[in-house]
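Q: So Swiss-Prot has the following annotated:
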BINDING   GLY18, LYS19, SER20, THR21, TYR35, THR38, ASN119, ASP122, GLY150  GTP binding site
BINDING   SER20, THR38  Mg(2+) binding site
LIPID     CYS182  S-farnesyl cysteine
MOD_RES   CYS182  cysteine methyl ester
MOTIF     35-43  motif 'Effector region'
Amino acid sequence: MAPQKHRKICVMGSRAVGKSTITMQFVESHCPDSYHPTIENTYQKIIRHQGQEYSVEIIDTAGQDEYSILQKQYSIGIHGYILVYSVTSVSSLEVIKVLNDKILSSLGAEKIPRVLVGNKSDLDNERNISRDQGIQLANEWECAFVECSGKNNENVEEVFKQILNEVNKGSTGPEPPQKEGCILM
């Protein structure tokens, strides 16, 4: 059996789009009862995906806006990004576009492993962003797209499978061996 791989994933988006709900559904299989703004939480989960075992570290960030400064801890050592907007909020999609540009600029990259996620698909009667709009943006960014309902746990696992797929697409060759330390003589 192949050794376990570590993946560090950062979940980003504006306030109240459901980042914590998606993360908690995936990690703990439950939805928070009430909304409490997140400062920052880190979660761990061991999963098996496509025959490989992964230790997934998930950073659930505080809600951002277009004026937020991208914190260094959200760019250093991160393998992939889950960029979440609410299908009920046009402004949350605009924030995601700005965040995407900030991440690319911070990393000096044209493309990064990421998944665009339209959350709150259960609120279809309040929808302001069509599924096609999400797909179109994901196609422009050349990344995966998933619509989900964190509240109802619909497609939540798919979000995390897709980010692992995106990270693995960007991986070249085997991971470097773990350093064991050195001895100076």
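Quick reminder: no glycine exception, Cβ is built from N, Cα and C everywhere.
Remember, it's a predicted structure, so these values are computed and weren't measured experimentally.
Show me how these features fit into the shown structure, please.
A: Sequence-distant contacts of ASN119 (GTP binding site), defined by Cβ-Cβ distance under 8 angstroms and a gap of at least six in the same chain, are VAL17, GLY18, THR21, ILE22, VAL84, TYR85, SER86, VAL87, GLU147, CYS148, SER149, GLY150. Taken residue by residue with DSSP, ASN119 (GTP binding site) is part of a strand.
Around SER20 (GTP binding site), a 10 Å sphere centred on its CB holds 24 further CB atoms from the protein chains shown.
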Q: Pop the mean pLDDT for the motif 'Effector region' (35-43) in here, whole number is fine.
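A: Value for the motif 'Effector region' (35-43), mean pLDDT as a whole number: 73.
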